[in-house]
Every structure is written in structure tokens, then in C-alpha cells.
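According to TrEMBL, the protein has these features:
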- 9-113: domain 'HPt' (DOMAIN)
- 56: phosphohistidine (MOD_RES)
- 258-374: domain 'Response regulatory' (DOMAIN)
- 307: 4-aspartylphosphate (MOD_RES)
- 414-546: domain 'GGDEF' (DOMAIN)
Ligand SMILES: Nc1nc2c(ncn2[C@@H]2O[C@H](COP(=O)(O)OP(=O)(O)OP(=O)(O)O)[C@@H](O)[C@H]2O)c(=O)[nH]1
């Protein structure tokens, strides 16, 4: 499948290259005619400007399609004309200074550089083939030769919402399983040998070693062999689950960037789009700058990749204009241009850009640069909107989501549900085992919700040990079923602290969103249902206004 995708992308890129070639030949023919007219009939500032623009476009795009030498030559010719373009209209008497035989020969030579087919290989770069995998499914590979140990670790991790595939040796793990895994847990002794011990060339997911030998040199050896983590035995499973969760989160961030590309050149626009999409980015393309504001609101990008000159619109001026609106003050903007004048670049950045990339640029470099910036943008956005302990939406934002979903489900006449969750007797956990352990339990429930609920459900940390969930397009029955499963799984997670094993349960209250006047009222109703459940003995689900909703079975908390 990945091969098929890569072949498709390669085909599309080759097609774009052909389109570029045809258009370049046309543009060069017009350019030659235009310059011949200036040569024979005298100066025309419009013709000179259009010749300059034509060369500027070629200089900026040829390298992208594999015609680097053509791009360089166009750039040199562009620089020769530039002083005449910058002069006031009507002062082009000395145009003969550049429009001589030698200049005209060089312009003719440009066509030969295109039609001679002498393009270098398209710089798609190896990063294109890297192809980021969707790591949303938390499947973990466990490589443990000792069956009892394997069973016990697999069972403990399953309660944290991971799907475990167990093997007794590294070479037993099928390649397709490695490709789909979010992480690999390996007995340290199997990994200390070094090299690619899995016997495959696929990009490996993060490797976490587990073992009993825990010295500085042992850890150093594992790091040297490429391990991403080490957990000494006896393994603290909630801590391990949290670590895997973090690795998954980091990888998801890497592939999830949303990039809005603004370029008036259709081939370049499509080319950049293909390169970034193939690298796992979510891309939206805009050809006309006048559509920019609408596209921003609708697509909500992490980053904008913008050409510097689009017809009579200037990229830096557009960037400055975007900053008028507080919503876009923090938006990351990358300018992509063949303009290599440092002064110009600094000026563009001072108007509101963050990075200036000078064309020609290889596809792999572009992808890497955009990924790095996207990652940074997402991290910053996350800091502002996410709770630092759990990574879930903060109180105010999840409340906003309830409001939005309320309007949406009312408008479309759909069922949606809001749920309030609260850990049971949580004070006791803190009192007996300390705040750090309490924090691990809070993270445990957050991770469970992330795994157990649908991707479209919105989860937020409402307060200390309280969570708020919005379940769009979901009947009450389905919500009860899904959340009872969460209760059931939560009560099975075993925590150990101060040598004692304990379990924690959760109570949940539900309310049908559309039945209320606004989101606030629905939250209030879910809260009331939650307290009904607390009074019923905790550990289960209650629905607002319903007398008797099943409980997930009683479990005594903190059975230390
Ligand atoms: N570890 C930790 N504890 C927190 C955090 N936020 C709130 N808490 C604690 O959560 C506990 C909540 O206790 P209560 O509101 O009395 O509720 P409870 O003990 O869970 O009892 P019920 O809700 O009635 O089952 C308090 O001890 C808070 O200090 C946090 O971020 N980390």
C-alpha cells in the first residue's frame, strides 16, 4: 500500500514536471518575442517588467522541477534586468546596456535548457519515502522469551488500553507488525547485541527495553544500540503506560501538521502540496491571496507556507495584514521565494514572517523544514490549550466545545451526549500514596479515555480529578455502553505504591446535549447525574433524569 502511494506520488510529480516543461517553453517563447520587440521598436516599460517577472518566476520554480541550472541562469538574467525595472517609468534609455546580442543569446539558451531535457533528477529526496505512519492505534509489540513474564506484562498493559502482540524473539516479529506498532518493548538482553537485530529495514517504532540489570554502562549500551527508553524490573506499569503514551503523542504530532500553502503558480502549488501530503501533512492549497482569510478560518492551519510575490499581492504585506486579527497573531508563516537579497528577506520577516526559505529547495529539505516548524507551532498551541498533566483540553476550551456541539446537534437534529467523570475517593489515594501517585492515576484515566472513546469525541480535564467528555453524534445508549466499558477497564488497572496494590474507580454522569437550552445547562445536568451515581455507590454511569442506569459492578477502592 505504501509502495502504491509512493508510486502514485511519483507519477503525479512527473506529470507536474511535464506541465512545468510545457509552460516554461511557452513562457520563454513569449519572453524572446517580447525582448525582440523592445530591441527593435524601442523601450516599453510594460514589456521590460513582464520579461523581468517571467525570468523571476522561472528562477523560483525551475529548481523545484529538477531544472536547477535553468533556475540559476534565469536568476542571473533576472538580476541584469532588475535595475531597469526599478527605475522610474520612461527612464529606460540605457536599456541597450543589457539588451545586447550576448543577453539575447543567453535568453535563447534558456529554451535549449528546457527542451534538451537535461533536467537533473527531481529532488524528491529520501524523506519523501519515509512516509509517516498513522500511529493512532496503540498497538505495542512485546518481545519477551520468558512466557510468564510476557503474560503478566501484557495483561497489565492491556488494562491501560494497549493492544499487545507478544513474541519470544526479535526475529519472530513480522515486518508488517513492526510497521503498525506504536512501540516495542524488548527484554534488554535481546537488545544489547546491537545492530538492526530485528532483521528488517523498516523504520522501527520507539524501542523500550525492560530488564533487571540497571547500571550506567548497561543503560549507555542500550542507548548506543538505539533504545528509546529503559524500565527496570519490577516494572512500574502505570509509569510505563504513561511513557508509551508520551512517545505515541510525540509521533502523532510529527505527522499531523496542517499546512496552508499560498502560491499563485498552479504547478508549484500542486508540487509542494504533493510533497507535504506524502510526508504525512494535512494540506490546504490556496491560489488566490484574496481567499486567504476564508481558508484560514475554515482550515485552521498550524502553519502557512507562502510565496513572496503573487501577482500584485506581496506575501510580507499579506503577513502583516493577517496580524491585524488577534486570532492570527501567533500563526507561523514561512516565506518561500527565490529572492536571495538579505535585506529583502529581513524586511519580509519584520513584516510578520517567521522563516524565509530561499528557492530552489529540495523536496526533502522543504518537508523537514515544514515539519520542524509545524511541530513547534503545535507544541506552542498545545501549551496554551492543553492541560499539562494529561494533555487533554483545558477547562475553558472543553466547555467551549460543549457549546459548539450543542449548536451543531440542535441544528442538525442529531443526538450528542455530554459526560462528567470523577475519580472515586481520590482524596484517599493522595492521602495514602502521595500526590505523585495520584497524578499517575489521573493520567491513567486520561489515557484510557483517549484509547477507549472515538476520535471525534472531545475530552477535557474539567478540574482536579474531574473530566468532561463531549460525544458528538452518539445516542445515550451508545454513550452509556462506551462509558461503562471505561468504568470496567479503570477498575481493573492495578496501581502499586509503597509496596501496596490498589485500584481506583470512576463515576460518570451523562446528559443528552440537545435536550437543554445551552451547553452550560447540559454540563450542569451531567454533573447532577454524576452525583446521583456517587450516591448510588460510585463506580458506574448515571443518566440525567433516568431512575436506574446499570452500574459497572461494585469495587472497593484503595483495596490496599
Ligand atoms: N494528585 C492530584 N490530586 C489532585 C489533583 N487535583 C485535585 N486533586 C485531589 O483530588 C481530591 C478530590 O477529593 P474530593 O473532592 O474530596 O473527592 P473524592 O475523594 O474523590 O471523593 P468522591 O468524589 O466523593 O468519590 C483532593 O484531595 C484533591 O487534592 C491533581 O492534579 N493531582
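Along the chain as shown, residues are numbered 1 onward.
Cβ from N, Cα, C; glycine included.
Curation does not apply to TrEMBL; its annotations are automatic.
Sequence-distant residue pairs (6 or more apart) of the domain 'Response regulatory' (258-374) and the domain 'GGDEF' (414-546) include fewer than 3 whose Cβ atoms are under 8 Å, leaving the two stretches without contact. The separation of residue 307 (4-aspartylphosphate) from residue 56 (phosphohistidine), Cα to Cα, is 12 Å. Taking DSSP states H, G and I as helix and E and B as strand, the domain 'Response regulatory' (258-374) has 56 helix, 29 strand, 32 coil.
Take the CB of residue 56 (phosphohistidine) and look out to 10 A: across all protein chains shown you find 22 other CB atoms. A 10 Å cutoff on Cβ-Cβ distances gives residue 307 (4-aspartylphosphate) a total of 25 other Cβ atoms nearby, all chains included.
DSSP places the residues of the domain 'GGDEF' (414-546) in helix, strand and coil in these numbers: 63 helix, 34 strand, 36 coil.
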